[in-house]
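The NADP(+) binding site feature in TrEMBL is assigned to B:Leu12, B:Gly13, B:Ala14, B:Gly15, B:Asn16, B:Val17, B:Gly18, B:Ser19. As annotated by TrEMBL, NADPH binding site applies to B:Lys106. For B:Glu191, the entry in TrEMBL reads L-homoserine binding site. Residues annotated as active site, proton donor in TrEMBL: B:Lys206. Sequence annotations record features per position, and here TrEMBL assigns domain 'ACT' to B:350-427.
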Protein chains: 2
Amino acid sequence: MSQPEKIKVALLGAGNVGSQVARILLEDSDLIRQRIGVPAELIGIAVRDTEAPRQVPLAAALLTDDAEVLIDQADVVIELTGGIEPARTRILRALHAGKPVVSGNKALLAKHGQELQAAANQNGVQLSFEAAVAGAIPILRPLRDSLAGDKITRVLGIMNGTTNFILDQMDTTGAQFNDVLKEAQRLGYAEADPTADIEGYDAASKAAIVASLAFHSEFTIDDVHCEGITSITAHDVQAAKDDGFVIKLLAICELDGDGVNIRVNPTLVPQEHPLASVHDAYNAVFVEAENAGELMFYGPGAGGAPTASAVMGDFVSLARRMVLGGAGVPESNHAALQSTPMAAVVSRYSVGLIVEDKLGVLANIARIFAEHGVSIQTMRQTKFEKDGQFSAALRIVTHQAADSNLRKTMAVVDSLDAVRSIASVIRVEGK
Amino acid sequence: MSQPEKIKVALLGAGNVGSQVARILLEDSDLIRQRIGVPAELIGIAVRDTEAPRQVPLAAALLTDDAEVLIDQADVVIELTGGIEPARTRILRALHAGKPVVSGNKALLAKHGQELQAAANQNGVQLSFEAAVAGAIPILRPLRDSLAGDKITRVLGIMNGTTNFILDQMDTTGAQFNDVLKEAQRLGYAEADPTADIEGYDAASKAAIVASLAFHSEFTIDDVHCEGITSITAHDVQAAKDDGFVIKLLAICELDGDGVNIRVNPTLVPQEHPLASVHDAYNAVFVEAENAGELMFYGPGAGGAPTASAVMGDFVSLARRMVLGGAGVPESNHAALQSTPMAAVVSRYSVGLIVEDKLGVLANIARIFAEHGVSIQTMRQTKFEKDGQFSAALRIVTHQAADSNLRKTMAVVDSLDAVRSIASVIRVEGK
């Protein structure tokens, strides 16, 4: 390909991030021209409804509801619509026409990433998606390039801003989940339908994308064990605090023998751990590699302008490549690792039980844990009276135990007459 | 260029980092082949003395003292010797022969970076140097690529592990600078000749490299205002602690009107600031950009294996590019900003004075500050007696003031009969 005179950009979507990308392409066109070597021209923005009100004023002449025609006229496509279809078909249309694509669509990439990547490789063009994980924080590029000569052993972090905001508020105010969720919705931190965030699906999509890059293998969201935060109560948060912990929703991808365990779950993090001081909607990701050691990346995990910054970084990088010639770097999947089942995953647990206040109950429960190979680190008992009934709240923190052993233990504990309820079972990270 | 069958690597230097790069190239050759697409063969290691003892056992057949012949036989050159010459001449030899170069030589890059970059651009090859700044922490690539579509306003951080180790030890143990330096040398954290670290030159080199990339301009170490930590006393550290601060050696590069101010100086950082909890020889860098907001990168700032990880990331990335074809991405210097003088730089200051314990001294000093436009935020007086003489230790923390105003203030204060000595003048970052 000879050097282009300019690069024509088609933008799909004009929402929170899309409108900011349009603004930057228009406002900073001089700077972008200088960095790429040739001008980048925003030739149009495909939207569902060209008449809908916009957060950022966009020239009516730029708006179109015919995405296909727009894609066919462009040199590069930036897809920021979200959802599986028609995003998937449109991205494939661009890639098959030899046009590089920048996308921030984590749900699509976590489900059909392999298909899209194969289309990109087949056509020798770049598919970039830094904006799909952790907003403005550069995390995919460090995994893909900076650590390309190292062996990553674990990636762990807070990858969803909405749930971090909710858990942080619960920790600060002592309020219940549902009340904080309503407040988060009012403030715009949570969507009207918060399912994808609070059930952990959003973080699970990001974990699948991260694990694929970190371990040079192909993972989808179906490989991710996913638990959300809907069952976390104000009582859990307070009990964690009393024990010196903060509850965070962590995404964890770790090498596990010849496989990779990928999971999203609420986790107790020691108060002195750096992840414990990640507040509001911020994200933070730890990467552990054999030679590099432990690295940490921190920043705004969401928001229009920060995410648009990640999109623009991808765009300028691949546009520079178009000007210089040479194919895009294909994704590496040489390791072809499989995801491992949860049963074998080893971690510490914090277990909350409500039991009858009766002699021998505590000893009996301790025996059941021991019989299943789950070693108890600390056990704390608080007696209380409710409706004339005497009970004890037990809080047990275990040493490292296999998920399957813990599950078997809890099944037996649950069957005891003296156990009124299992209040919570939450994993623990850190020393 | 047609796709090479293999990539022949010449390694210059077998010290702390070089020997680790050799180890990785040999031990992880399968993995590197899979990531690049073709094998990478270490064809030789140029050293000064082929008979010298090595930290990592290296096959004698690989060692040579003829770097020029080795470079001429290679496809890629990895330079890890340090110092200006012969490193500069050797890198130019490789670049002019169309061979990409990876270097970790911060002193060279901070002095002759423009000349080397011009040679790389002229020959369409890549010159990569992630390892020159902050060890394993990916910082140059995020500045260069991830933030390529954003406007960086400030980069600030701890970029020298040795001085952070020393200051951290002084803070923890209360010991004097010289004692901690000796201990750091004994433990291998400081070199036998520690000048480059403790005088701030090493951090200043890194600041020049970072500023050039962040602001798309050409800066050398001569553009960096540099103050080391040799004058920091145990008393300064204790006084900072009493006021809720920690002393850190910060490298700061910030957009300042139409220029960039680049400086390295000891700085008071509030204890609750994330930089305050960077311990031992770790590094941490904050990047502020218009759209991305504030990002933080943290990790091991030195050490053989971590720095080798950064070298290998550069190597695998550019080797992939060689396999795919297309020129290396040239450095962008379109902004062509100049460095600004210190006089106009505005910051807060912490000033320590020893004065006569006499009525009116405090008021007189406060008046001098005010007359020079330096507003005092807090003033603390501690009286003490030494050798029968009554004195007062004054600790003044100012609001934001121009460097030139503060200097004039201190000159007048110093001339007062009632002022016995100026104990310290240290800048303050954070709220």
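Positions of Cβ are set from backbone N, Cα and C atoms, glycine also.
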Alpha-carbon distance [B:Glu191 (L-homoserine binding site); B:Val17 (NADP(+) binding site)] in Å: 15
Rounded Cα separation (Å) that holds between B:Gly18 (NADP(+) binding site) and the residue listed as 'L-homoserine binding site': 17
Least buried by Cβ count (within 10 Å) of the recorded positions B:Lys106, B:Lys206: B:Lys106
Spatially closest candidate among B:Gly13, B:Asn16, B:Ser19, B:Lys106, the listed binding-site residues, to the residue listed as 'active site, proton donor' (Cα to Cα): B:Lys106
Residues in the domain 'ACT' (B:350-427) grouped by DSSP into helix, strand and remaining coil: 24 helix, 39 strand, 15 coil
Cα-Cα distance linking the residue listed as 'L-homoserine binding site' and B:Ser19 (NADP(+) binding site), given in Å to the nearest integer: 18
Collapsed DSSP category at B:Ala14 (NADP(+) binding site): coil
B:Lys106 (NADPH binding site) to B:Ala14 (NADP(+) binding site) - Cα separation in whole Å: 17
All-chain count of other Cβ atoms within 10 Å of B:Ala14 (NADP(+) binding site): 26
DSSP-derived structure type at B:Glu191 (L-homoserine binding site), helix or strand or else coil: coil
